[in-house]
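Working notes, beginning with the structure itself.
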Amino acid sequence: VTSWNHTVVTYFEFLPFSSIPEIQGSLFCLVLLMYLSTLVGNILIIMITVIDAALHSPMYFFLKNLSFLEIGYTTSTIPKMLVNFLTKRKGISFLGCATQMYAFSLLGITECCLLAAMAYDRYVAICHPLRYTTMMSWNMCFLLSAVSWLTGVLVALEQTTFIFTLPYCGPNRINHFFCDLLPLLKLACVDTYKNEIITYIIAVLCVMVPFLLIVVSYVRILHTILKMPSAGGKRKTFSTCSSHLFVVTLFYGSGIVTYLRPKAFYSSSSNKLLSLSYTLMSPMMNPLIYSLRNKEVKQALKRLIAKNTNT
């Protein structure tokens with residue numbers, strides 16, 4: 001294991017998001033607007049699920065956790081990106097880079113696990129409705145949430161330690177807008193082939209295992225829905241999990257393409273855009289998806305607006 005004192009680089013510099021200086025101001029405004037929308041939307045979801053008694057159920061307990069994760073997830077990268085749009089020296093300290101990567105990895109891995117827990121909740125609700133209250137007790141909800149967070153904490157700690165004990169003694173310019181695994185591995189002063197293999201293994205375990213659990217859950221859900229006699233019943237049942245399915249598609253689609261595609265297809269420019277889609281676009285869209293496609297959330301939002309209007 002390489003010791004920390006072998007590291008010479010104490011500061012990392014981010015390359016500009018775009019090579020065209022004239023559009024930096026427009027990019028700043030666009031990203032700021034998307035970030036503020038993400039904060040407002042997810043805070044609103046948390047408020048609704050806390051205040052409205054009709055949403056005090058396992059499904060919305062997980063949704064509240066997801067919104068909290070999304071706020072932290074975007075905040076771990078986007079504010080620094082916005083600052084870099086406005087400053088000439090677009091950089092971060094070695095310790096700051098390690099902290100950012102740890103926070104981003106922790107929240108990202110936790111979200112993967114939490115989305116799997118949400119899929120399991122929908123599977124139990126649709127495939128075992130009579131046993132739902134016992135199978136998805138509050139103890140089970142807290143356990144699934146705690147396991148998701150603990151997995152994120154431990155795996156992110158291992159990953160961050162693994163990356164930042166490598167020697168960094170030469171180039172310190174990161175061709176990205178935050179401290180991410182693959183761009184940092186490119187800057188290490190040693191052959192990182194084994195490190196990349198281990199990184200891929202961790203990605204497969206932490207990303208693909210929850211994803212496969214989600215797929216299995218939805219295969220069982222679809223099988224149950226198709227056996228229902230009425231078309232109206234099928235539509236109503238599927239609507240209870242369609243929002244989650246949209247969120248999973250957004251999050252996993254960009255994440256899998258970014259981290260699990262072959263190295264021959266990797267390019268820094270496309271990686272930045274893909275990273276922006278799952279660090280900002282997905283968290284911004286999630287509240288919209290849940291509020292526009294979920295009748296209970298829309299009704300709770302109307303009740304909240306009506307209550308504030310009358311007071």
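Placement of Cβ uses the backbone N, Cα and C atoms for every residue, glycine included.
Predicted automatically and left uncurated, TrEMBL annotations should be read as such.
Since we're looking at a predicted model, the values are computed, not measured.
Taking TrEMBL as the reference, the stretch among 53-72, 273-292 described by the feature transmembrane segment is residues 273-292.
Mean per-residue pLDDT, taken over the domain 'G-protein coupled receptors family 1 profile' (41-290), amounts to 86.
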